[in-house]
Amino acid sequence: MEGKFREQLFFIVLCLSVLKGDTRHIEENEISPEGLFSLLNSELKREIQEDFLYSRPLRCLDMVAVEGQFTFTADRPQLNCAAFFIAEPNQVISVEYDSVDIDCRGGDFIKVFDGWVMKGEKFPSSQDHTLPLMERYVDYCDSGTVRRTVRSSQNVAMVFFRVHTAGGSFTLTVRKPINPFPCNIISQTPEGSFTMVIPQQHRNCSFSIIYPVEIKIAELSLGHLNDFPIKKILPGCVGAGDFVELLGGNGMDTSKMLPVADLCYSFNGPAQMKIGCDNTVVRMVSSGKFVNRVAFQYRLLDRQELQRIKGNSVEDFCFNG
């Protein structure tokens, strides 16, 4: 029951974020309370035998957390649809086109996006993704049979689609291959633990938790020998080359979020902080010279803790505006 509640809470946050957003792909979706609860009551996760391929219809606004085969069939023109796909932190998303019956020349499309888009903001941000923004979109109508399978770079992906004619349809098979070095992750739950490792690669990796949470850093190894306590915003660690920052904000794009704390020296924790934002991020910046590692735990803040943070003039930036 606890796991089901977490999934429902996650999907409520997701749907509310989408519904109050202005992204052009999904702004015209009209979700009734009945429709929302229908989505929440659907089985987002289930135990599936390895020799059985789970299948179900795909909705115009949907979230998929399981492997399987998903078929969308338009019963009327559906012009602004989006399906969110999410896997475990150590997995990526593989989307394969099994069959497609849409009118590309008539304006229909199916686009796989490498990441998520919410309220017009993208995760991972352009600063943290290895591909240019336009290469993160793969349009079936442009690639056709040349690229039947699209694989994400992290544990989330999206499919935008538009079908003008009733009866237009497509079927996708979604699988979740293992990713040995996860980078740029969205957590499915408001509590848990994770260890992020960047093995001498010049890249930035974020772990995003779409909840207000308490973060507890248990260990930080940045290739340095000196121990140093957590450092607040100033003077910061930007010149260090290798560092971890805690970010807070109400959007998805880490480049638009506010820094709460910088950590640029190795230490054995714990160091902890409460962040009362819609989105909390642990972001590691790596120069590629070292094997960098950060281990942390996180838990959902209760209502009383949120009220105390809201009343704190130092840490209430997420409640303004």
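All residue numbers here begin at 1 and follow the chain in the order shown.
Note: Cβ is positioned from N, Cα and C throughout, glycine not excepted.
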Candidates Cys237, Cys277 - disulfide partner of Cys264 as recorded in TrEMBL: Cys237
Cα-Cα distance linking Cys237 (disulfide bond) and Cys81 (disulfide bond), given in Å to the nearest integer: 41
Least surrounded among the disulfide-bonded residues, given as Cys104, Cys205, Cys237, Cys277, when other CB atoms within 10 Å are counted: Cys104
